[in-house]
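Visitor: Here you go, one structure.
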Amino acid sequence: MLPMITGFMNYGQQTLRAARYIGQGFMITLSHTNRLPVTIQYPYEKLITSERFRGRIHFEFDKCIACEVCVRVCPIDLPVVDWKLETNIRKKRLLNYSIDFGICIFCGNCVEYCPTNCLSMTEEYEFSTYDRHDLNYNQIALGRLPMSVIDDYTIRTILNSPQKKRG
């Protein structure tokens, strides 16, 4: 009879422990109800990126001196710079400049080390395409400035991240 009584006591303790765990989980769930949602409705809402965000690279053809510093500092030798030496003026003339964003790791070394500041990072981060060859941008595509997220009236922008900052 004694083992039967201790079994019931164990059962009661386990029941109380289970109820306490369920209560703790329920309290955590209730604490999350008055927080802002973490997800955004992407095509219709976009987060405003920070100033130092490293998005698509913008290229200014007129400033480039074809020094190929960007190619040397790139960890994957990505920018393709084609140039021709003008013998009469002893200067390089830039013919073609292209970057394949399907391979680019967006490290920003090319922008940082460019001596003429012809490269800059934009806030554009949308590179969706069905064909990966469309991600190979030449100097004309790199020269186009993207539409600012703030200026686009068709979408709702979200200023701050909805998650609480921990200090």
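Cβ coordinates come from backbone N, Cα and C, glycine included.
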Visitor: Using only what TrEMBL says about [4Fe-4S] cluster 2 binding by CYS104, CYS107, CYS110, identify which of CYS74, CYS118 is listed for that site too.
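Guide: [4Fe-4S] cluster 2 site check in TrEMBL: besides CYS104, CYS107, CYS110, the record includes CYS74 out of CYS74, CYS118.
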Visitor: I need the neighbours of the [4Fe-4S] cluster 2 site defined by CYS74, CYS104, CYS107, CYS110. Which other residues of that chain put their C-beta within 8 angstroms of the C-beta centroid, in sequence order?
Guide: ILE57, CYS70, VAL73, PRO75, ILE76, LEU78, PRO79, ILE99, ILE105, PHE106, GLY108, ASN109
Visitor: Cβ atoms within 10 Å, counted per site: which of CYS70, CYS104, CYS107, CYS110, CYS114 has the most, among these binding-site residues?
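Guide: Buried the deepest by this measure is CYS70.
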Visitor: Taking Cα atoms as reference points, rank the binding-site residues CYS64, CYS67, CYS70, CYS114 by distance from CYS104 ([4Fe-4S] cluster 2 binding site) and give the first.
Guide: CYS70
Visitor: Let me spell it out: take the domain '4Fe-4S ferredoxin-type' (55-84), skip the flanking residues so only those 6+ beyond its ends count, and list any with a Cβ under 8 Å from a Cβ in it.
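Guide: Non-local partners: 49, 91-101, 103-107, 109-125, 127, 137, 139, 142-143, 145-146.
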Visitor: Do any of CYS74, CYS107, CYS110 (binding-site residues) have a CA within 10 A of CYS67 ([4Fe-4S] cluster 1 binding site), and if so which?
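Guide: Near CYS67 ([4Fe-4S] cluster 1 binding site) by Cα: none of them.
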Visitor: So what's near the domain '4Fe-4S ferredoxin-type' (95-124) in sequence-distant terms, Cβ-Cβ under 8 Å and 6+ beyond its ends?
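Guide: Apart from its flanks, the domain '4Fe-4S ferredoxin-type' (95-124) reaches 49, 53-65, 67, 69-70, 73-76, 78-84, 132, 135-139, 142, 145-146, 148-149.
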